[in-house]
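S.K.: The feature region 'Disordered' is assigned by Swiss-Prot to 1-55, 157-231, 266-298, 385-448. As annotated by Swiss-Prot, compositional bias 'Low complexity' applies to 9-22, 193-223. Residues or ranges marked as compositional bias 'Polar residues' by Swiss-Prot: 29-38, 45-55, 399-409. For 52-194, the entry in Swiss-Prot reads region 'RNA-binding', with the evidence type sequence analysis. Taken from Swiss-Prot, the feature domain 'CoV N NTD' applies to 61-190. Taken from Swiss-Prot, the feature RNA binding site covers Arg106, Arg122, Arg164, and the record attributes it to similarity to another entry. For Ser167, Ser191, Ser390, Ser423, the entry in Swiss-Prot reads phosphoserine, with the evidence type sequence analysis. What Swiss-Prot lists as phosphothreonine is Thr174, Thr427, and the listing cites sequence analysis. The domain 'CoV N CTD' annotation in Swiss-Prot covers 259-384 and rests on sequence analysis. Marked as compositional bias 'Basic residues' by Swiss-Prot: 266-276. Per Swiss-Prot, region 'Dimerization' is recorded for 266-384, and the stated evidence type is sequence analysis. Annotation source Swiss-Prot lists compositional bias 'Basic and acidic residues' at 422-439.
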Amino acid sequence: MSFTPGKQSSSRASSGNRSGNGILKWADQSDQSRNVQTRGRRAQPKQTATSQQPSAGNVVPYYSWFSGITQFQKGKEFEFAEGQGVPIAPGVPATEAKGYWYRHNRRSFKTADGNQRQLLPRWYFYYLGTGPHAKDQYGTDIDGVFWVASNQADVNTPADILDRDPSSDEAIPTRFPPGTVLPQGYYIEGSGRSAPNSRSTSRTSSRASSAGSRSRANSGNRTPTSGVTPDMADQIASLVLAKLGKDATKPQQVTKQTAKEIRQKILNKPRQKRSPNKQCTVQQCFGKRGPNQNFGGGEMLKLGTSDPQFPILAELAPTAGAFFFGSRLELAKVQNLSGNLDEPQKDVYELRYNGAIRFDSTLSGFETIMKVLNENLNAYQQQDGMMNMSPKPQRQRGQKNGQGENDNISVAAPKSRVQQNKSRELTAEDISLLKKMDEPFTEDTSEI
């Protein structure tokens, strides 16, 4: 009994497609299938991008049951842990979950500046005993092939899986069992996300793959009649970046000039449309913190919406509908304090609102939200208190503690030698005075 991915098990027996008679191929590969090597293998295209014309990648002459995984970061290895890496396919038991990922080196194209750019490769999964390496044993060291199998599968026998007929079977969006660790620097085609999200259910890739497959099967050549290729989106993006003089692989550096331009661009917006960030702080956008603007403190005032804690607070922000229909609104005309006296004065209005955001402890991330709110609500009061406290006098280098304290306390004129109680040697005059003090006192009765 053969199994068909995406369908229930059927009694259809395998028609011997693995021998090469029934496998669908690209039109330009029809002659290669007739050539047989001495070891009985079908002639396979080389897996290097330089094996054909500079603008073409290696050919994938077999249809995979699943959408591909595309590399978007250079230098990242394509690998899975042992027992992982086989996509989920309804109708295929775990004993048949074995096969390999095949690297498809895509074509290169010429950029606007005349240079050739090689697109990063894309990987496709084939069950053991099918695809471009149907004759190879599991675990054979082959460049551009990564073998995967579940723990329940017997890798010594081919998988009993039918080959995909693109005219009747669409490609299945690639998904993996929970707990699968996916290679970094790759994304699953059709999911719009990087490979770490293995639960995508998008069918965009399957429709695109099926449409392209039918076009190739009906037209008899590799060039679709519409002129649209799978790599056209990448080519267009690269051409646009080259035209603008930008490189998508290099991070954009923010200089003082660009930071000033960003800040001015934000400040030119209406007050209710501003989003503070590193280049334009909260105080620059909305002024100092106080009783009427009492949220924000510490790093959040410096980083604004760039603060790592801000996204979880943004989940509490009301929608436009909740703002208008769930708040108390009041329209008031205010004095226009902007502009010169020579300029015509404009009527300025304020739409004042009063509302509330209600949530409970069942909200996801409740503890973190409460922590962030407690740290930032009325934080200006704590900062003002710290500013009002007299700072502790700092001791200068090389100065003793006692000396510093005496200098800070003594602000009057210097003391005399007697007040300072400093010891010194007695002079002859001092000794004479002391003797007179010891003599008995006699009253002078002489008349003046």
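Each position is counted from 1, following the chain as shown.
Cβ coordinates are placed from backbone N, Cα and C, and glycine is handled just like the others.
Mind running through what each feature is packed against?
M.R.: In this model, the domain 'CoV N NTD' (61-190) carries an average pLDDT of 87.
A coil conformation is recorded for Arg164 (RNA binding site) in the three-state DSSP classification, outside any helix or strand.
Within 10 Å of the C-beta atom of Ser167 (phosphoserine) sit 11 other C-beta atoms, taking all shown protein chains into account.
When the domain 'CoV N CTD' (259-384) is classified with DSSP, helix, strand and coil residues number 53 helix, 16 strand, 57 coil.
Beyond the ends of the compositional bias 'Basic residues' (266-276), by six or more residues, the same chain brings 282, 284-286, 304-305 to within a C-beta distance below 8 angstroms of the stretch.
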S.K.: If you measure Arg164 (RNA binding site) to Thr174 (phosphothreonine) at Cα, how many Å is it?
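M.R.: Here the two Cα atoms are 15 Å apart.
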S.K.: Tally the residues of the region 'RNA-binding' (52-194) by DSSP class, grouping H, G and I as helix, E and B as strand, and everything else as coil.
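M.R.: Across the region 'RNA-binding' (52-194), DSSP assigns the residues as follows: 6 helix, 34 strand, 103 coil.
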S.K.: Other Cβ atoms within 10 Å is the metric here; tell me which of the modified residues Thr174, Thr427 scores highest.
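M.R.: Per the Cβ count within 10 Å, the most buried is Thr174.
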S.K.: Say you check the Cα of Arg122 (RNA binding site) against those of the modified residues Ser167, Thr174, Thr427; which is nearest?
M.R.: Thr174
S.K.: Nearest to Arg106 (RNA binding site) by Cα distance: which of the modified residues Ser167, Thr174, Thr427 is it?
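M.R.: Minimum Cα distance from Arg106 (RNA binding site) across Ser167, Thr174, Thr427 lands on Thr174.
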S.K.: Cα distance, Ser167 (phosphoserine) to Thr174 (phosphothreonine), nearest Å?
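M.R.: That separation, Cα to Cα, works out to 19 Å.
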